[in-house]
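Asks: Per Swiss-Prot, the feature Ni(2+) binding site maps to His81, His92, His94, Cys100.
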Amino acid sequence: MEQELMRIGVSLPDNLLNKFDSIIEGRGYSSRSEGIRDSIRTYINQYEWMSDIRGRRVGTITIIYDHTKRGLSNAVADIQHDYSDLIKSSVHIHLDHDNCLEVIIFDGEGELIKEMDERLMALKGVKYVKLNTAPPAEKI
């Protein structure tokens, strides 16, 4: 049985929509709506996977943020200090005049890792957050 489709409206910046349109055209989607549905499915799968992080985990959180946004660099650092027991190392590079990339390497309890990731994601001015986890070596 086919599901009923709901019509929604979304406001996006021009550059984001143009990039999205280029991607869906290149991938052969029949419509923008199909590309959006696929993107939402991917987002839901990622969120559900991330929500199920339990036990000891190792991995990285990669973030890109605008360091010119008032207080953001300090907020990123404060969050890292709040989870210093988990963080084994971090790398910070300057991508351009305004943007920085940080890779945070961690080893610890999955629920705390998820909490740290969500706090970083919620900061205004953070443009990208990617969490990658793996079980510790002894479980592989």
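Glycine is no exception: its Cβ is also placed from the backbone N, Cα and C atoms.
Keep in mind it's a predicted model, so treat the numbers as computed, not measured.
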Asks: Within 10 angstroms of the C-beta of His94 (Ni(2+) binding site), what count of other C-beta atoms is obtained when all protein chains are considered?
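Replies: Excluding its own Cβ, His94 (Ni(2+) binding site) sees 10 Cβ atoms within 10 Å.
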Asks: Check His81 (Ni(2+) binding site) against DSSP and tell me helix, strand or coil, would you?
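Replies: Note: His81 (Ni(2+) binding site) is helical by DSSP.
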Asks: Of all the binding-site residues given, His81, His92, which residue's CB has the most CB neighbours within 10 A?
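Replies: Counting every other Cβ within 10 Å of each candidate, the maximum falls on His92.
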Asks: Non-local Cβ contacts of Cys100 (Ni(2+) binding site) (under 8 Å, 6 or more apart, same chain)?
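Replies: When sequence neighbours closer than 6 are ignored, Cys100 (Ni(2+) binding site) has Ile64, Tyr65, His67, Ser73, His92, Ile93, His94 within Cβ distance under 8 Å.
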